[in-house]
Amino acid sequence: MGIEVKNLVKRFGNFTAIDDLSLDVPSGELVALLGPSGSGKTTLLRIIAGLEDADKGQVIFEGREVGKKNAKDRGVGFVFQHYALFRHMTIFENIAFGLEVRKRSERPSKDTIRDKVMSLLKLVQLENFYNRYPSELSGGQRQRIALARALAIEPRFLLLDEPFGALDAKVRKELRNWLRRLHDEIHITSVFVTHDQEEALEVSDKVVILRSGKIEQVGTPDEVYNHPKNSFVFHFLGDVNLFHGRVQGGQTQLGEIKVDTPEHSEIENASAVGYVRPYDVEILREPIEAQTIPAEIQYIHSTGRNVKIDLKRLDTGTILESQLNSSEFQSLNLLPGETVHIRFKKIKVYVEDYTI
């Protein structure tokens, strides 16, 4: 048993940040809370930590209700985005702080504290930095020290609020890979907030996608990305092209293309939207009858391994994006201004509307 929240409600004035939300975090898993700004992810994390009080609902740790306990008594380690290290203390003193401020009857001996701190420094691969000050460390190193300090008190759960948000892209990628390896080593039940879709999909065992204080989908990275529950999840998790059309009798007409949509076989004459990832937009030199849409190449941009191509549909004038790998692009020898034809490798059709 890990963390369970039941029917949580949290309001700030007239704004409902958490709206009757329930969630299970299994023991030993690393779970990401992901969503747009204002979706409630940080508020949910702070309620779990005891830094915010819910207006309604329960927070349960390993089968025991902890809603009335303050943050200090919940046994959680919390890592903030901006490190929150004590500048006047050495790295050793920062990590030891949570142990040294315990009341005397619960405080470990100095030798035990020293061994614990040095063990954690080794765990975060900074054992030679124990006598330095935070100002002498890089941002990535400071965040690893903040994590070591959170682990020093031997928490039952680890909570992280956008732990890599203040770091540059390269360091952020290195640290999230490191966090995944660390979690696999210590297996502490962990929940982290992120606004970075790639980060959530790379690091976590499960992703919780929130919108307007409610959960839209919970699943493994593969489940939420490749089998999105609704149009909001599909649109939120990466770039997408939208194709408007109508559903009738198990088929959807999207401009000049008709696609089979048996999942909507009972719907008659309803507006629909087809969702296609850029890498599922295939570019052809010659048309294929009833399967392609003519388009003009507007812009070509290489990102190194891949090439992004903006195209304008000749039937509607709308702009869409295709993504090719470099070898595909070279074989087609495309140039701006050329007319080509596009078709979809994969498309998902939704009938309901979405908003972000």
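Sequential numbering from 1, following the chain as shown.
Keep in mind that glycine also has a Cβ here, set from the backbone N, Cα and C atoms.
According to Swiss-Prot, the protein carries these features:
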- 3-237: domain 'ABC transporter' (DOMAIN)
- Gly35, Pro36, Ser37, Gly38, Ser39, Gly40, Lys41, Thr42: ATP binding site (BINDING)
For this session: Going by DSSP, give the three-state secondary structure for Lys41 (ATP binding site).
Result: helix
Seminar exercise, completed: Long-range Cβ list for Gly40 (ATP binding site), cut-off under 8 Å, min separation 6+ in sequence, same chain only, gives Lys10, Ala17, Ile18, Asp19, Leu21, Leu210, Ser212, Gly213, Lys214
Problem set entry | Within the predicted model, mean pLDDT of the domain 'ABC transporter' (3-237) | 91
Exercise. How many other Cβ atoms sit within 10 Å of the Cβ of Gly35 (ATP binding site)?
Worked result: 26
Exercise. Considering the binding-site residues Ser37, Ser39, Thr42, which residue's Cβ sits among the greatest number of other Cβ atoms within 10 Å?
Worked result: Ser39
Seminar exercise, completed: For Lys41 (ATP binding site), the nonlocal same-chain Cβ neighbours (under 8 Å, six or more residues apart) come out as Leu33, Leu34, Gly35, Val193, Leu210
Exercise. Given the recorded ATP site (Gly35, Pro36, Ser37, Gly38, Ser39, Gly40, Lys41, Thr42), which additional residues of the same chain have their Cβ within 8 Å of the Cβ centre, ordered by sequence?
Worked result: His195, Leu210, Arg211
